[in-house]
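Remarks on the structure that follows.
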Amino acid sequence: MTWLLGYVDPSDPCFVAAVFTIIFNPLFWNVVARWEQKTRKLSQAMGSPYLACYVLGGVILLLNVLRSYCFTQAMLSQPRMDSLDSPVALLAGLLLLGVGSVLVLSSFFALGFTGTFLGDYFGILKESRVTTFPFSILDNPMYWGSTANYLGWAVVHASPAGLLLTAVVALTYVVAILYEEPFTAEIYRQKASQPDKRS
């Protein structure tokens, strides 16, 4: 990892903005979702947990667009790496983008909008935790698919800055998973332990 620093100017404003958005986004959605789960303020203000979840999801999508824009600008503002500027690397980058897109899109289709965008914090639960593809082959496939997309984008651009930023993305997601996973497991454990009201 240290050899990448020889190619990267971490003080570049575009790079700093990319790091900030990468770290800020999951921090924002976790803080807001936990606040909602404890207070139900968003649901009360909007008159519906579904509407509140849709609004938060929309904000998260916009923040992710901003993050991707900052990531790209950081790559474009920094030097390319000759050893990555080859047809083989380009093919590898495109393959990573393909795999990442499959993981992200299939995760979204498996979870739905509210499942993707923290509906469980709003009290919007599925019958049970999703275990179909891609969850059947990988835990947190949306996070790892997103990481693969950023890695593929960095390789396509032969960008050392992009590789370093992808490492920040991966580390940030690891922290987010450590924070989110116990909560999700607990709410579905509680749901499973409750008697079936239909019986």
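Each Cβ is built from the backbone N, Cα and C atoms, and glycine gets one as well.
TrEMBL assigns Gln37 and Phe122 to topological domains of the same name, so the membrane does not separate them in that record. Between the transmembrane segment (150-179) and the transmembrane segment (12-29), the number of CB pairs under 8 angstroms, six or more residues apart, is three or more, so the stretches are in contact.
Listed as Cβ neighbours of the transmembrane segment (12-29) (distance under 8 Å, sequence separation of 6 or more from its ends, same chain) are residues 56, 60, 63-64, 66-67, 70-71, 73-74, 76-78, 118, 161, 165, 168-169, 172-173, 175-176. The Cβ of Glu180 (S-adenosyl-L-methionine binding site) has Asn30 as same-chain neighbours under 8 Å, each 6 or more residues away in sequence.
The candidate set comprises the binding-site residues Gly98, Gly100. Of these, Gly100 has the most other Cβ atoms within 10 Å. Taking the Cβ of Glu181 (S-adenosyl-L-methionine binding site) as centre and 10 Å as the limit, one finds 12 other Cβ atoms among all the protein chains shown.
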